[in-house]
């Protein structure tokens, strides 16, 4: 009589239906566990429980957000640029000349607080593999960062680690970091936001999908060996709130190896070029559990896996640990039998470990409608036998309670228009410098200089300009521009309008460089979905983004939801970060945000300025105030301004263009002066304060040569965009004339205020 295995098997599960299981420790609710039992017709094995616990986690299943995210598809604009939409590892859009671009943004917030360097580094590695798994060569990365107060001890710990993690991983991969943003607010203390974006380029015919099709095809796991790092990351770190014990969660943070990922990229590109891959999936959150269930669910058959064949760094790992491990730099491919030897040879060439761990299986006629089975064995015994779609696609969907926060009306009524304003030109001058020097507005070179922005030689624009821009290939002048934006202050005041303002700012930033906005990705950072107030914010934010994208014809291609961004019961300000991608036909016609010191230039303000200070940088920096209504949103005005900027760039009318956002005209003028190393003199009109600090949307500052003034004014009239001549570029100072006075700040003084803040806080790099 053979000895009964010491591990949990399907046979043992059927024979011991009442055996207690630690499902609550794995983050599952009573009703979720009951549903698993109903699906299987028995209790799950411990390996099956591991799979369902991570695949049904908030991070992987979107169980609280799915009902709201559906409107991105339901309200999708009618466009022919979308080649692959929501549901795959990343969206893919047509950019012309037979080329496509894939891009996506994702969060690695919680791991980056627990272990800043590795958390941020593996965030970059994970999003790069998402892009790689679509069949594309990754060509650039970006990041959107939020931290607590810049002078707080915890920020002093977290920020340098996050920046070093992003820079070391991206630089080792040889990928330029072309842009992003950084913000500071007390609400992000102990809960930083680290959102990483990657963009890749491919030909239409080379798109790859996560699907396991073709019975008899091999399942190959390749890349790093599997270790204990990151076990339970999807459920432990990404699907629960922080508390005072968060540092104890350090073992759940993954460890990255960028040099191995670089080899993995080159290996995949050769595999794609030789047509050796049927389907492919990267291993990120939930590791082998996610890769096997999603590949099987996306295909036409089932899958049989021999878990013993998974290469291990630690031979002591249990089957459950192997399934939940989030070791980095791993991919899973479906390979036809007659191509297997060549596939393995390519992996060997790049020194990439590869192992055949299973095969695609056929389905019976009865199974065809609902898909095949995912069967896994360990030491010859079956430990998993489940319908993969139930784990990957059919997790719980919650209609969470929604309730407008009780303090929302009081917050809106607290109008910053009542705050004390500067009473003299000297005080106004001082406030311009204070806003310019604020940590979330000032020069971010302390951060961006640690990134290689120009490696690979195709970077056209990078920080500090309005968007990053990359030429897509050596044989074309076509390029893509990318910008990410988000403003938690606006979204706290009005999540619907605030999210549209974030989208509109990213849209303007892309248009300001001369690129046509095409598509959108998003990273939605919110507090606990179990809080009805947070769910109200989330519902309003998603509705706002869906409506805005529909209005301006830019489909949402995918993204990420990050819930539980809170410490105890204190949630962050809702922070949807919106990424907009645009295309420019000729990168030589790009427009920068810098005034030109060569020749004469005339400065114009495009768009309408109103007294709008709710959520503004002025109210925050000068008074520490958050209240009132955010700037109003007019999507028709945003579209019209975009057409002026894009057409003006194509006609080579514009010397510079810079959108107005945080800090209003004061910051925009100062930045254009600083980036060009030249001053300007402008007329602010009757109300200098409103002219300088209002944050009305749908505005930009542009400069043109004198001979193009009439053409610009005519172009604005054609599209119905208000236009006002402000002054001229020249001299060594930013000089602002108004009805009762004159303010002048030397460019050198602007530079000192703008560039000294972060080095003073964080030291020399």
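Glycine is no exception: its Cβ is also placed from the backbone N, Cα and C atoms.
Under the heading active site, Swiss-Prot lists 59. Under the heading ATP binding site, Swiss-Prot lists 62, 104, 522, 559, citing sequence analysis as support. The Mg(2+) 1 binding site feature in Swiss-Prot is assigned to 106, 560. Residues annotated as substrate binding site in Swiss-Prot, with sequence analysis given as evidence: 107, 108, 109, 110, 129, 254, 326, 327, 328, 562. Taken from Swiss-Prot, the feature active site, proton acceptor covers 108. The Mg(2+) 2 binding site annotation in Swiss-Prot covers 130, 282.
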Compare the Cα of residue 130 (Mg(2+) 2 binding site) against each of the binding-site residues 62, 104, 109, 522 and report the nearest.
104
Can you tell which of the recorded positions 59, 107, 326 lies nearest to residue 522 (ATP binding site) in space, using Cα positions?
107
Find, among the recorded positions listed as 108, 109, 130, 522, 559, the one whose Cβ has the highest number of other Cβ atoms within 10 Å in the structure shown.
108
Give the distance between the Cα atoms of residue 129 (substrate binding site) and residue 108 (active site, proton acceptor), rounded to the nearest whole Å.
14
Three-class DSSP secondary structure - residue 104 (ATP binding site):
strand
Starting from the Cβ centroid of 62, 104, 522, 559, which together make up the recorded ATP site, report each further residue of the same chain whose Cβ lies within 8 Å of that point, ordered by sequence.
69, 86, 105, 106, 521, 523, 524, 556, 558, 560, 561
So which recorded positions out of 108, 109, 326, 328, 560 end up within 10 angstroms of residue 62 (ATP binding site), measuring C-alpha to C-alpha?
560
Can you give me the Cα-Cα distance between residue 326 (substrate binding site) and residue 282 (Mg(2+) 2 binding site) in Å, rounded to a whole number?
11
Helix, strand or coil: which one is residue 62 (ATP binding site) in, per DSSP?
coil
By the DSSP assignment reduced to helix, strand and coil, which category contains residue 282 (Mg(2+) 2 binding site)?
strand
In DSSP terms, helix, strand or coil for residue 109 (substrate binding site)?
helix
Where the record names 62, 104, 522, 559 as binding ATP, the maximum Cα to Cα distance in Å:
17
Looking at the binding-site residues 107, 328, 560, which one has the fewest other Cβ atoms within 10 Å of its own Cβ?
560
If you compare CA-to-CA distances from residue 328 (substrate binding site) to each of the recorded positions 104, 106, 108, 282, 560, which comes out shortest?
282
From the Cα of residue 560 (Mg(2+) 1 binding site) across to the Cα of residue 107 (substrate binding site), what is the distance in angstrom?
7
So how many other Cβ atoms are close to residue 282 (Mg(2+) 2 binding site), meaning within 10 Å of its Cβ?
26
Nearest of the recorded positions (106, 108, 282, 559, 560) to residue 59 (active site) - Cα to Cα:
560
In whole Å, could you give the widest CA to CA gap in the substrate site formed by 107, 108, 109, 110, 129, 254, 326, 327, 328, 562?
21
